[in-house]
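Taking it in order: structure first as structure tokens, then the write-up.
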Amino acid sequence: MKIDLISHSVPSMWSITEFMGVDEDATPVDTIPEFGGRACYQSWSKPNPNTRKNEDYLANIIAQGHESVLEHASATFYVQGISRALTHELIRHRHLSFSQISQRFVDGSSSEVVVPPAYRFKEDDSAPTRELKREAQEELYRTFTEVRDSYETLKSIGRELGLSRKENREAARSVIPNASETKIEVTGNMRAWRDVIKRRWHEAADAEIREFAGEILGELRRIAPATFQDIPEVPFS
């Protein structure tokens, strides 16, 4: 799994400073929802010493459930090396925006298999456990090789049928399994990302999407630490 931060909101600081003083310890992304909150109450002078700092202000915003102001800032990620199974779950979060690789236009014969976390080796695995995981991985790769052969056979038949390249691939993709690698660009505002994290950074979540949520959380903490200050370092339980 590889996640790249493609873009995030950047405030116009010279405009913001016309209204309020800027906390030098705050990141630009965290400054945006603070501005939104202070705009609601016109509290530009920061009269409450308990919420004068950006981190404290956003902590209060989160505690009060006034998360609509978090929607003013957003982040976009490009994600590679994840399975179609993961994206089938991810796209249920309709408050995010997606641009995913097309199996109709991009040939699927070169796609890789994504090994589920349950079958991946760990340093503390016992010998019997490693052997079972090895068997599972071999079965995955064997099945995926058969699928690739079927995919190529179907494309060959499609060409004989006179299908266009797009028509051919859209028909042949029917055999591609959930474990097939995909790539996707995902954009969400900070409130939306918080919802994803709270639901997917959880022990009960699917293992791969939980890993995804943890990686996304790490990136979001870099650009908006105050916005995610209440999210634990380990998954929710």
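Using N, Cα and C of the backbone, Cβ positions are placed for all residues, glycine too.
These come from TrEMBL:
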BINDING   SER68, ARG92, HIS93, ARG94, GLN100, ASN189, MET190, ARG191  FAD binding site
BINDING   GLU89, LEU90, ILE91, ARG92, GLN100, ILE101, SER102, GLN103, ARG104, ARG173, ARG200  dUMP binding site
ACT_SITE  ARG200  active site, involved in ionization of N3 of dUMP, leading to its activation
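Those residues noted as binding FAD (SER68, ARG92, HIS93, ARG94, GLN100, ASN189, MET190, ARG191) have their most widely separated CA atoms at a distance of 27 Å. Taking each Cβ in turn and tallying the other Cβ atoms within 10 Å, the top scorer among the binding-site residues ARG92, ARG200 is ARG200.
Considering only the binding-site residues SER68, ARG94, MET190, no residue lies within 10 A of SER102 (dUMP binding site) on a C-alpha to C-alpha basis. Sequence-distant contacts (6 or more apart, same chain, Cβ under 8 Å) of HIS93 (FAD binding site) comprise GLY188, ALA192, ASP195, VAL196, ARG199. For ARG104 (dUMP binding site), the nearest of the binding-site residues by C-alpha distance turns out to be ARG92; the candidates were SER68, ARG92, ASN189, MET190. Residues near GLN100 (FAD binding site) in space but far in sequence (CB under 8 A, at least 6 apart, same chain), listed by position: THR87, THR182, LYS183, ILE184, GLU185.
Per the record's binding annotation for dUMP, residues GLU89, LEU90, ILE91, ARG92, GLN100, ILE101, SER102, GLN103, ARG104, ARG173, ARG200 show a top Cα-Cα distance of 29 Å.
Reported as a whole number, the C-alpha separation between ASN189 (FAD binding site) and ARG200 (dUMP binding site) equals 16 Å.
For GLU89 (dUMP binding site), the same-chain residues lying six or more positions away in sequence with a CB closer than 8 A to its CB are ASP206, ILE209. The binding-site residues shown are SER68, ARG92, ARG94, ARG191; of these, the one with its CA atom nearest the CA of ARG200 (dUMP binding site) is ARG92. Spacing of MET190 (FAD binding site) relative to ILE91 (dUMP binding site) is 17 Å (Cα to Cα, whole number).
Ranking the binding-site residues ARG94, ARG104, ARG191 by other CB atoms within 10 A of the CB puts ARG94 at the bottom.
Under DSSP, ASN189 (FAD binding site) is assigned to a strand (E or B) in the three-state scheme.
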